[in-house]
């Protein structure tokens, strides 16, 4: 894919350009400036998160519940919660992503949810909580799922189309003279050197096959023991089909820079949920989704890393060993981190800080696969169909319409997130976008250099505070002050 088909893998190429840029005299000066900016904003973000902690002595206390635009807007989740993580993320994401988030928040929390809430007693029973899937929360979850599925379906078909046409074009061009050695004669010296290094340090096919079979056998035995609802033959089928799906995903990522693993996982979720039946369908669907997603996702991630290695003259074997070490560390660190959050915080609470929105979305996808459309509240199916079609039409307009129009078409996948999470998330991201916009106006060259470093510092500083705050929560040490807001009498 890298040498013969010359796939670009844009993210891997960008990483390689960044790494190669550091190893120049000018790059060294730039790197020092970026490190200084990262450290400064990392420290500021950490101190700010520490300061905020003192005022969070209750469920709706602290700066995270500050009614920036008034109490009525706050009740509909429109406020700035001073999260440096989301501000930093907004600085990294494009303006289109952030504006799409804001549009999704306005459409859902500004218009739709207040209107649907007013139909309580007509569209859904008035005597059940809004958090029930048969109440307002059902509309929030399933409409966001419709947007995600519509966007995912369109991009899935699009990537498959580009992949198929590209492979077909390459097969037509290929002839006896189009061999590896024949291609190399026309390449620049640097490319010849890269290709020679990459081919010399290739990974033996027997090693890949042996490793895959070994871990497949372990999974077929262990996963049904961990999750009795998942039959061993479900795992076997997943491992049989995963390599072909992984190839399609890796090839598509090389062309479009899009990792479609989550969409392959959603297909597996619906198939396994339907096959396993009502009693086991939800768990079987979720486990199957995670299994397919993990296998397929790592294929494109590894190809991005190998592309980076190819352009930086790094041995593919070194890249594979590094991936293996990182995966092994992740197998230890990830469960510890999960249980630290799970024990210290109220993870999954729709009204809490850690809502885990995608956990709710995927669980209800599995329920939909088991129960069918009977799981939806009244008129929810019609709304879901409308937003599913909207997602496809929006993507078509962006890809096929004039560029001046397409650049302003919102991203349905981004719009879907605030439908469930709330408007505050979109506002935080837009603040980050506003900072980047202003910085580019004031000093464009400095902004291009420093924005990634500053954003990373804000995210890491705020994120690091989670560790001491979770330890304090486990030790039952509560913040001393509750800063909350109420209307005046």
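Every residue, even glycine, has its Cβ placed from backbone N, Cα and C.
TrEMBL annotations: computationally assigned, not manually curated.
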Which range of 179-202, 203-226, 275-298 is transmembrane segment, per TrEMBL: 203-226
Cβ contacts under 8 Å made by the transmembrane segment (141-164) with residues that lie 6+ beyond its boundaries: 108, 112, 133, 248, 251-252, 255-256, 258, 260, 262-263, 266, 357, 360-361, 364-365, 368, 376-377, 380, 383-385, 387-392, 395-396, 399, 411-413, 415-417, 419-420
Cβ-Cβ under 8 Å with the transmembrane segment (417-442): same-chain residues at least 6 beyond its ends: 68, 76-81, 83, 86-93, 95, 97-99, 101-102, 104-110, 140-141, 143-144, 147, 355, 357, 360-361, 448, 450-451, 455
Seg_contact(the transmembrane segment (232-253), the transmembrane segment (203-226)) with at least 3 CB pairs under 8 angstroms, min sep 6: yes
Most Cβ pairs under 8 Å with the transmembrane segment (454-475), selected from 96-116, 203-226, 320-342, 376-397: 320-342
